[in-house]
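**Student:** Pasting a structure below so you can have a look.
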Amino acid sequence: MSEALQATKHRFLRLQMHSLIGIWIGYAMYYVVRSNFNLALPYLSGEMGLTKTQLGLLTSCMLITYGLSKGFMSVLADKANPKYFMATGLALCVIINIIMGFTTHYSLFIALIILLGLFQGMGVGPSIITVGYWFPRSQRGRASTIWNMSHNLGGGIVAPIVGAAVGYLGAEHWRLGTFTVPAMLAAIGVLLILYFVRKRPTEEGLPTVEEMYHEEAAGQKSAKMDSERPDNMNAFHVFYHYVFKNPNSWYLVLIDVFVYMVRFGMLTWIPLYLLKVKGFSKAEMSVAYMLFEWAAIPSTIIAGYLVDKYFKGRIMQLPIYCLVVIFACVIGYMNSDSILWATIFACITGCLIYIPQSMIPVQAMEVIPTFALGSAVGLRGLMSYLVGSSLGTTLFGFVVDHYGWDMGFYTLLVGVVLCMFACYLSNRGVQKIYKQAADLK
């Protein structure tokens with residue numbers, strides 16, 4: 001290997017790692033200034049006397065706005081600089097949270113929640129695009145799961161941070177503790193995004209990831225079968241031709257919808273369910289909430305290794321196994337009267353529910369061309385939050401209000417089964433792509 005080639009490879013690997021660190025920290029901070037809202041629900045319930053349906057609807061306002069934003073923001077991210085796009089979104093989320101910390105008017109609070117959802121949509125697109133442009137197929141499982149851990153880092157540190165802040169400032173200043181303090185932490189994340197995240201390799205004067213690793217994704221092979229050239233397409237045509245008309249893209253949408261239904265059905269209602277139904281103290285509830293998020297950190301790392309090592313071409317088989325265990329744990333969670341066992345079942349559910357979610361971007365890179373990844377993220381984000389989060393928040397709250405908590409959890413079990421079926425369809429779809437690629441050789 002020549003000295004120039006060695007220098008190029010060294011620089012590529014260095015910027016590759018910098019970018020992964022940047023999106024990992026950055027997206028964790030996005031979650032810090034989003035998950036803090038769930039911890040404000042008990043205070044909102046007590047201070048404003050809201051019903052569970054109203055709380056679920058309030059949560060859905062932010063999540064649906066986030067889903068809509070995630071849709072069009074991710075399409076825009078395909079054409080934008082990932083570094084500045086991601087940093088701008090987080091900076092705006094910080095500003096909104098700071099304003100929330102000083103807000104007492106309910107209607108203004110609702111407006112700010114909607115704005116927060118809008119700006120939250122600027123985080124995921126640049127992250128997925130960065131992984132797609134900087135990591136080869138053989139490393140995308142691990143890279144995606146490492147990035148996906150940022151969900152759990154951000155969501156997991158919120159509970160102890162908010163708990164400590166409210167404890168120090170006093171319950172009467174809960175707005176400062178739940179909104180302003182997390183915003184101060186996320187402001188540091190903005191600076192770290194600007195420092196670490198890089199542009200696309202070609203914009204940094206480097207070869208593409210396919211040229212560097214001599215690899216070609218299945219999605220790129222299928223793209224070459226099309227008569228139209230991407231260079232002749234605008235963003236809408238890329239979305240329509242390579243995402244909207246692609247059945248494999250819709251299988252991933254279904255997986256995302258039902259994963260989000262189960263995830264938000266558990267996560268959103270942990271504070272109220274454990275405090276009001278199971279009789280947990282606030283400290284015990286905070287531990288369970290934290291473990292739901294943090295338990296996924298080791299599991300997603302292991303999942304990324306297993307997929308790269310043992311599930312090549314069969315990525316969605318691993319999520320199916322996880323969903324079987326989740327089904328059993330949801331039943332255990334709803335029927336347990338023990339603080340210990342309720343926490344354990346919540347922990348295992350959190351440990352495993354993020355594995356299907358973390359595998360979706362990896363599968364997307366197999367069935368969708370790299371230049372359309374942002375558009376694919378946008379479609380999934382739109383549907384997962386517009387439909388999936390609403391099923392886990394508004395529908396769950398409605399069912400609990402009218403039929404009780406048990407029926408709410410039975411609704412989540414239906415979502416688990418449907419998610420398994422969607423994983424099967426996605427796995428079958430990628431096998432067809434591999435067969436088509438093999439026939440071309």
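Using the three backbone atoms N, Cα and C, a Cβ is placed for every residue, glycine included.
According to TrEMBL, the protein carries these features:
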DOMAIN    19-431  domain 'Major facilitator superfamily (MFS) profile'
TRANSMEM  12-33  transmembrane segment
TRANSMEM  53-72  transmembrane segment
TRANSMEM  84-102  transmembrane segment
TRANSMEM  108-135  transmembrane segment
TRANSMEM  147-170  transmembrane segment
TRANSMEM  176-197  transmembrane segment
TRANSMEM  250-275  transmembrane segment
TRANSMEM  287-307  transmembrane segment
TRANSMEM  314-333  transmembrane segment
TRANSMEM  339-355  transmembrane segment
TRANSMEM  407-425  transmembrane segment
**Student:** Honestly, do the transmembrane segment (12-33) and the transmembrane segment (108-135) touch, with at least three Cβ pairs under 8 Å and pairs 6 or more apart in sequence?
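**Tutor:** In this chain the transmembrane segment (12-33) contacts the transmembrane segment (108-135) - 3 or more Cβ pairs sit under 8 Å.
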**Student:** Need a quick answer: max count of Cβ pairs under 8 Å to the transmembrane segment (53-72), which of 176-197, 250-275, 339-355 is it?
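**Tutor:** Looking only at 176-197, 250-275, 339-355, the most contacts with the transmembrane segment (53-72) come from 250-275.
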**Student:** With a Cβ cut-off under 8 Å, give me the same-chain residues at least six positions beyond the ends of the transmembrane segment (108-135) that come close to it.
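**Tutor:** Distant contacts of the transmembrane segment (108-135): 15-16, 19-20, 22-23, 26-27, 30, 33-34, 37, 58, 61-78, 80, 82-83, 85-86, 88-90, 92-93, 96-97, 99-100, 143-144, 147, 197-198, 200-201, 208-209, 361, 364-365, 370, 373-374, 377-378, 381.
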**Student:** So what's near the transmembrane segment (339-355) in sequence-distant terms, Cβ-Cβ under 8 Å and 6+ beyond its ends?
**Tutor:** 148, 151-152, 259, 262-263, 266-267, 270, 274, 278, 280, 284, 287-288, 291-296, 298-300, 303, 318-319, 322-323, 325-326, 329-330, 332-333
**Student:** Under a Cβ pair cut-off of under 8 Å, which of the recorded stretches 147-170, 287-307, 407-425 contacts the transmembrane segment (314-333) most often?
**Tutor:** 407-425
**Student:** Could you check if the transmembrane segment (250-275) is in contact with the transmembrane segment (176-197), meaning 3+ Cβ pairs under 8 Å among residue pairs at least 6 apart in sequence?
**Tutor:** no
**Student:** Are the transmembrane segment (84-102) and the transmembrane segment (407-425) close enough to be called in contact, which here means at least 3 C-beta pairs under 8 A that are separated by 6 or more residues?
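**Tutor:** No, the transmembrane segment (84-102) and the transmembrane segment (407-425) are not in contact.
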**Student:** Count the CB pairs under 8 A between the transmembrane segment (147-170) and each of 176-197, 287-307, 407-425, then give me the winner.
**Tutor:** 287-307
**Student:** Cβ under 8 Å, sequence separation of at least 6 from the ends of the transmembrane segment (287-307): give me the contacting residues as numbers and ranges.
**Tutor:** 35, 38-39, 141-146, 148-149, 151-153, 155-157, 159-160, 266-267, 270-271, 274, 280, 315, 318, 342-343, 346-355, 358-359, 362
